[in-house]
Amino acid sequence: MSSDNTFHYALSSNNAWAGYKAHQNPQFFPKLAGGQSPEILWIGCSDSRCPETTILGMQPGDVFVHRNIANIVSPTDINTTAVIEYAVAHLKVKHVVLCGHSACGGAAGALPDTRVGGVLDTWLLPLKTLRFNHAEELDAITDEKERIVRLAQLNVEAGIKVLMNNATIREAIAERGLEVHGVFFDIGCGRIKELGCGTAHAGKGDHVVRGKHGQLVFGQDGEAEIAAAQ
């Protein structure tokens, strides 16, 4: 399929989807147009294989989203900070979820000593720094795919530390119990696993992230399951 055909196919698919949703629920789009009240802020990677609403089994209006290359959370990135402030301080989300994933191109690009090129070298510097700081652990992993996975997980853990020190998030945690989750999406099986960082505490039962149309349940073993909203 040519790129031109791909775009027109996407437009046609949108038309079909909109018609189906309107037929299924005539109030769906008018309600969306009236405002948003998502309970989740999702910070993820721009990777095309990681569409948050799809992998969570949720609908438009359920998830407020910020995505960038390799889901890097930097305290000096005004774009990320603005999204966090709006979602936490104004939309009053109940959960902030930072999600890394397997087969991450950003992590793969940060592992070797060679340059990626252009602005990407500057953007991936936090990952390069993590690679340097954890060189002994990463070099001990012989499988290249597993080494990429481990660096991507370390990136989530580092990002959670930045989030937990964000003033807006800290205030929301103290004042209304905002929860912060570090998770990892395995593209190979479609499953999300909690990494045990953030405000979650092991052994205290399931953590439930609810949307209007579904919910994401983090069990004590760290595995995530999708369930229909009650």
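Backbone N, Cα and C atoms are what each Cβ position is placed from, and that goes for glycine too.
Because TrEMBL annotations are produced automatically, they should be read as predictions rather than curated entries.
Here's what TrEMBL has on this protein:
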type	residues	note
BINDING	Cys45, Asp47, His101, Cys104	Zn(2+) binding site
Which of Cys45, Cys104, the listed binding-site residues, has fewest other Cβ atoms within 10 Å: Cys45
Residues satisfying Cβ distance under 8 Å from His101 (Zn(2+) binding site), sequence separation of at least 6: Gly44, Cys45, Asp47, Arg49, Cys50, Asn71, Ala152, Phe184, Phe185, Asp186, Ile187
Other CB atoms within 10 A, centred on Asp47 (Zn(2+) binding site): 18
